[in-house]
């Protein structure tokens, strides 16, 4: 049960030194770059996966990136573009010669091309689309008609399907004779005559069965189809919840239009997480590769909101100026109550935001969760009231200040628990992402309540 | 480029109402429970996936959970236990009759049994192990000898392998005649005579090839083996980075001992996210199903750390008691500087923690990132210095207070950017999870610097 505390166990091995993109390799690559030694560069980069080359480009500064791409030349592969962070994709595409770019995109699957072009400016988009073969271009353009962040943008159009009456032997013969099969596929989708998917057969089951077995007798137990307009985050959730490997995508009439595989769903899950964690911290998109100006722009809005709420909290303090002038110890102690409330509120908030994201917090348990967070706030409030009461007493040499800070602590931690859990739930019900700015709202509540409770109680009982 | 801002696009469909576990179903299930109607309960729960039943149990309170399990009886499936959150797994296992438990675990794959028993107390662990067949029990006990959170715990022992000299026809005949194949598999692992994996062949390539083709001629280009002691988080990263579907696991001698599939890697990625986000907020394990006392215990440690740092910040304020008594406006304005610093620091911190987790922040770009965060701090500091300077001036009717708060703002936001990025990097170098408590350290720095800069400058220039 104490799993995560002692994590990772000491015997477990971390792979810091086994990274393909390690310091030694990077310095050899930089050496090749400095000396303009193209052969050496190619040799050093040969064993790297496209994802590692993309990381290398991301971690380089703009100057090295330009030199690297120029020297690497025609070896530049389309997969590198797919793996690149969006923040520098446009820059890198702009650095490629038209020939290299055309060559690079031609081998990509349709879903990767869609992912590549959807955020590009018109001119670059056109350059890539015109490099494709006609049939591929049509597929990509069709996918682009689906809404952003939908299953339609995520799916690949290359599907292996079979009529529902086929046998294992039919399927094997079909695949042996197929001119082109998708690079990765794990299921054959069974369809009825109107192209509605009726089941999934794993390749493993096909291989393990005799040729005369009917495909519909070996379909998988769990079968889900995905509407083409479904939000990609829900698709990722579904894959994770039901351990899907691939799932067919259907249009409004229920006809098979594509297939989504788990590796794409995993990438979406990772992006969703990035978004949650960044939004909770009030950081817009926040890539490491954005420019200083870009980054500053992304962060200013939430800092501005925070300034507004901080001024609000100050206004509360201003109500008690006369009391503070009378007893300066109040000014010394008041940030403690606010800080503890902010911390406790953030704890409740994070648990609630995460539970909403994983659909563990629903209509059926929301009251129990609110109740629980409030009760935890009460218990922790009492614990720290005791501690802080004693500290206040010792520090300022009298029991009264201790009583007041203890009472304010209890009030603020109860409010923190309630607000921390309730604010994300309310935002979610209103259709707003609960990760977005709820931290600021919760700390506003705990600042205002903290200062008001402490200074107010002090005014009543001390002065 | 502005992707995440307008996300999700309005046309994209959310699946709130398509959840299998919706309110209507839950109320029918509760009705069956109230009336003790076992047939109805079975009928209503029949279409639910084990993961949904686990969610239902998690969202119920302890009383309903007990009744539900009693009425559901022998229908209880082993997969439900695998899907259950660890926080209530022990409780649920304790509610099952020995017969139901034995029946439930017997169908699970070895990796699922390992995941199930590794955190149980000895008595429950024994009950489950003794329900297994001898050969399965041996596999599970072997896996349990690998360290926690290692690839060895994650892998399944059931592997489909083939000698490297086999042809497609050999492989197909072997699979057709195999008595038992794993429920899910996507590759055949080619091994040399010493059982060292030498390549992966996807089932799709096998199906698409003629019987006489040699397996080693159709191996996948990307091939990674995973040491059995490798940390599971690194395994998940590897799957996501290289779009792996399954990968062989090898022991110290390089011999094949198991295989990890992407669905397990995806679950680990999700757990790692949970851990990151919870640790950043100072919430221990923090499940929704932990008791109030359990939850309070998890949160008290970080609240205690926060209290310590808040007292430290108060001690800084105490240094300036005389000045505050002279000019109470200082007490009113001082939380603003601290709050802005805390917010800006959290922004830098979150970007750094996330970049470390995704291995985007490495030795090769750390100086550039520190420089960037500090510069962003400077720019945002200047922006809000201007705003707050004007506010301070208008609010308190004189320019001097405005200058002081503006200068303190610049200082604190620069420090926030630097500390926010540097603290996680330093923790990471020291081998400590950078998500763990770095938030508290950063806000300690910004509180202390914020109060000291503002009150110190005020002392020098105003009084």
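Any Cβ shown, glycine's included, is placed from N, Cα and C.
Residue ranges B:271-294, B:439-462 are listed, and TrEMBL annotates B:439-462 among them as transmembrane segment. Per-class residue totals from DSSP over the domain 'CBS' (B:219-275), listed helix then strand then coil: 25 helix, 15 strand, 17 coil. By the Cβ criterion (under 8 Å, sequence separation of 6 or more), the transmembrane segment (B:439-462) is in contact with the transmembrane segment (B:327-357), since 3+ such pairs are found. Same-chain residues lying 6 or more positions outside the transmembrane segment (B:377-396) and placing a CB less than 8 Å from one of its CB atoms are 329, 333, 336, 340, 344, 348, 402-407, 409-418. Residues 282-284, 330, 334, 338, 437, 440, 443-444, 447-448, 451-452, 455-456, 458-459 of the same chain sit 6 or more residues outside the transmembrane segment (B:300-320) yet have a Cβ under 8 Å from a Cβ within it. Residues 333, 336-338, 340-349, 351-353, 356, 361, 366, 369-370, 373-378, 380-382, 384-386, 388-389, 392, 433-436, 438, 441-442, 445-446, 449-450, 453-454, 457-458, 461-462 of the same chain sit 6 or more residues outside the transmembrane segment (B:403-427) yet have a Cβ under 8 Å from a Cβ within it. If you take every residue in the domain 'CBS' (B:155-218) and average the pLDDT, you get 92.
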